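Data first, discussion second: the structure below is written as structure tokens.
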């Protein structure tokens, strides 16, 4: 039975804007209050999905969430008609309006942590929705994310859905952005690598400038929920010093595929025992770990963050080599591009690079890896997935036409209070649920 890594990319929402909501994400802060183009953002994402599908990779689409999140505003004490609520919140709390209008669910690497059937004791694929409780604008995503995943992976024989962990600091969970899987074929047992920023109970090393969003306790809880064998799980601490330089998730400083771990020299807390444990566990599944460590002398942490070199997709090719999917910013950084040029000619596993323009997402701090949720599936499981979300030439055309019909080509903060934007969004999402055969996944569809 064949195995695949299926990438489910988030479709950028209609309220995509630059509000600087994500403290610790330097691109988000740098582009605060600049003009956004939601239509272009959505099309840039769709082009990447289509290009990878055309190369033969399994590619799915995850829909955006309803924004502004009117239910959240009502929960926070705003009342009256939708028009009255928007008018009041823009006057009394403009930052709150921006937060409940964020299109951040596009970064589906934070949607959930996923464990394949080959790794779980019950032989099923497990999903735990991330609580994202470090940032309010992201913490409000969990319920709709859960509804979306349950609609797409809707077969209890193959898929298990867990609620988000308790939304408290001790169990801060950022999903797959702090999770890697190392092994061989995708349908064979592998080692799951959970990367955390701090320990809630024991304390220890922590960043001082920016928050460590993922806790060890959260990672351990997810491993338990997913029924993982402790001998096939490793918990690694991210280097607090790089968090303080803008590495707010591990996928900004490392990426893996099969038996290859591509990471910066300073990505993790130096601990030879952890790497020895990882190599030992890899040996038990008859796999040899291949690490590609990028020296700080060639690419600094600052250059890695500004270029998003590691916020890339590492994909297996038919010839046994690997393709690295990078944002245009990596090509534009001389040190990074020089390193990559050497890398693909070094005889190692990575022999090709593909560059994508994702600038609208990148200005908010989200590159190729942020935009996708990896789900390893076998043939039977893939057949059980809602096929309407899988990228095809016909779906690409349908979604592009949908974007052209519904998305604005410029958006400023003042537009978020426009009741017409809310109605445009609801009409668009209602139509999208029909295109993707998702059912009623949005709150407004239950009014």
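Cβ atoms are placed via backbone N, Cα and C, with glycine included.
It should be emphasised that the depicted structure is a prediction, and the values quoted were computed from it without experimental measurement.
Some features that Swiss-Prot has for this protein:
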ACT_SITE  174  active site
ACT_SITE  249  active site
ACT_SITE  370  active site, nucleophile
BINDING   19-28, 110, 137-138, 213, 251, 364  substrate binding site
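DSSP classifies residue 110 (substrate binding site) as helix under the three-state reduction.
With respect to residue 174 (active site), the closest of these recorded positions in Cα terms is 110, chosen from 19, 110, 138, 249, 370. Long-range Cβ neighbours of residue 249 (active site) (same chain, at least 6 residues apart, Cβ-Cβ under 8 Å): 109, 110, 174, 177, 178, 213, 214, 370. In three-state terms derived from DSSP, residue 21 (substrate binding site) belongs to neither a helical nor a strand segment and is classed as coil. The DSSP secondary structure for residue 138 (substrate binding site) is helix. Within 10 Å of the C-beta atom of residue 251 (substrate binding site) sit 31 other C-beta atoms, taking all shown protein chains into account. Sequence-distant contacts (6 or more apart, same chain, Cβ under 8 Å) of residue 19 (substrate binding site) comprise 32, 33, 95, 98, 99, 101, 102, 413. When Cβ atoms from all protein chains are considered, those within 10 Å of residue 21 (substrate binding site) total 21, not counting its own.
Residues within less than 8 Å, Cβ to Cβ, of residue 138 (substrate binding site) and separated from it by at least 6 positions along the same chain comprise 102, 104, 110, 132.
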